[in-house]
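Take a look at the structure below.
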Amino acid sequence: MLCFLKGMAFVPFLLVTWSSAAFIISYVVAVLSGHVNPFLPYISDTGTTPPESGIFGFMINFSAFLGAATMYTRYKIVEKQNQTSYFSTPVFNLVSLVLGLVGCIGMGIVANFQELAVPVVHDGGALLAFVCGVVYTLLQSVISYKSCPQWNSLFTCHIRMAISAVSCAAVVPMIACASLISITKLEWNPKEKKQKDEYGMISLSGRS
């Protein structure tokens, strides 16, 4: 098992690299295709319209798999460390793993259900991914403190907790803003608003 875990050391690096490439490639393709505004579009907007939707879906699906592999590897490492020198209840580590895997399932949902096709399912998957991901990082930070100083340095624990705190601070306004926004189209034509206003005036005059 230890040899297996050593061989899995490349997976977290591959997860970050692959996920970053997924966002960058889908963004570039979406901008070059004229499907999104190049200035800070939503990540989901860059994976809604073909051909970038296919790229986004494929790469994020693989990112979800890599995330699950990373979390399982971390679970086994903590389990082995805890058997060697007890520092926390195994249930705590198991709950962390389950939440992490649920977050990965959320990523898969985001990848396979575009925001304009099935927005409720897409948003539900995003909520799972973000919330479960943040709780996972918090639990892992707590585990790091519990295993300090034998398995982690105090500096490493502080860094992990700082990342968790920033994630928590970011996810709350993200959920609040997302609940206030309803996206039905990526681009709006100013003429559409004018036509809508004219139609509303005609309807009002007809009723009068």
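Quick reminder: no glycine exception, Cβ is built from N, Cα and C everywhere.
Lifted from TrEMBL, the feature list:
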{"type": "DOMAIN", "residues": "8-205", "note": "domain 'CWH43-like N-terminal'"}
{"type": "TRANSMEM", "residues": "12-34", "note": "transmembrane segment"}
{"type": "TRANSMEM", "residues": "54-73", "note": "transmembrane segment"}
{"type": "TRANSMEM", "residues": "94-113", "note": "transmembrane segment"}
{"type": "TRANSMEM", "residues": "125-145", "note": "transmembrane segment"}
{"type": "TRANSMEM", "residues": "157-183", "note": "transmembrane segment"}
Among 12-34, 94-113, 157-183, stretch most in contact with the transmembrane segment (54-73) (C-beta, under 8 angstroms): 94-113
Residues of the parent chain within Cβ reach of the transmembrane segment (157-183), under 8 Å, 6 or more residues beyond its termini: 42, 45, 115-116, 119, 123, 126-127, 130-131, 133-134, 137-138, 140-141, 144-145, 148
Beyond the flanks of the transmembrane segment (125-145) by at least 6 residues, Cβ under 8 Å: 44, 71, 74, 78, 88, 92-93, 95-96, 99-100, 102-110, 113, 152, 156-157, 160-161, 163-164, 167-168, 171, 174-175, 178
Long-range neighbours of the transmembrane segment (94-113), counting only residues six or more past its ends (CB under 8 A): 44, 47, 56-58, 60-61, 63-65, 67-68, 71-72, 74-75, 121-122, 124-133, 135-136, 139-140, 143
Local confidence of the prediction over the domain 'CWH43-like N-terminal' (8-205), expressed as mean pLDDT: 85
